[in-house]
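Contents: one structure, followed by commentary.
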């Protein structure tokens with residue numbers, strides 16, 4: 001019996017040692033390389049990284065086509081008065097006049113001379129009132145008044161009518177030049193004039209004056225208007241250069257009124273009188 005017990009203990013100790021050696025041997029020695037596994041599915045998209053540094057400037061592109069003419073802007077502020085220009089050259093001497101007739105009016109000569117001086121001064125005073133005080137310009141048949149009140153086209157028409165005239169109608173080169181110089185000397189760049197388009201041609205003309213007569217014989221359109229007329233605007237402005245251009249009728253700007261000289265005989269309102277809009 002004691003021998004059997006000793007044998008069992010010996011077997012148990014041997015079994016424990018064998019298992020321990022096998023366990024240690026498996027832990028220290030790697031096994032053979034296994035077969036390559038299958039490729040797994042794509043993973044989820046990662047987060048966006050930080051923005052990289054800006055690249056170098058590209059080569060400049062070719063210039064684009066010229067855009068259409070934009071709408072006319074509002075009238076800018078009046079500029080400062082320019083410096084006085086240099087005195088012009090003296091003109092050539094006139095022809096010698098015919099000898100005068102002898103006068104026996106002796107004692108009246110001095111009176112006549114003083115009367116001529118008075119008439120000359122009166123004429124200068126009248127000219128001063130018209131050109132400086134009232135600011136008028138004139139031709140043989142008409143007076144022209146630059147009204148420095150911004151109005152829409154229809155308001156300008158009514159304003160001139162209330163003053164006893166009409167919106168100025170440049171029907172000749174000389175009149176157009178006089179009005180353009182008037183605008184330029186006032187330090188302005190453009191004004192309304194009595195010309196506008198019409199929906200139906202009259203006598204072959206697509207424009208009429210403020211008195212409803214067709215535009216014929218004379219016009220001073222700018223080069224841009226001749227090449228590509230602005231059909232979207234039905235009113236006309238006069239530029240200080242003497243050329244015409246279409247403009248929106250709702251634009252507000254200054255304007256020129258004209259008055260026939262013959263109307264003064266009827267005792268009407270003076271051209272410079274104010275009118276309410």
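Note that Cβ sites are derived from N, Cα and C of the backbone, with glycine treated the same way.
A TrEMBL annotation is a machine prediction, not a hand-curated record.
Taken from TrEMBL, the feature signal peptide applies to 1-20. According to TrEMBL, the region 'Disordered' annotation covers 34-93. Positions annotated as compositional bias 'Basic and acidic residues' by TrEMBL: 80-89. Residues annotated as domain 'C-type lectin' in TrEMBL: 139-258.
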Close approaches to the compositional bias 'Basic and acidic residues' (80-89) from elsewhere in its chain (Cβ under 8 angstroms; 6 or more beyond its ends) | 187
Using DSSP, tally how many residues of the region 'Disordered' (34-93) sit in helix, strand and coil.
-> 0 helix, 0 strand, 60 coil
Helix, strand, coil: count each for the residues of the domain 'C-type lectin' (139-258), based on DSSP.
-> 28 helix, 47 strand, 45 coil
What average pLDDT does the predicted model assign to the domain 'C-type lectin' (139-258)?
-> 90
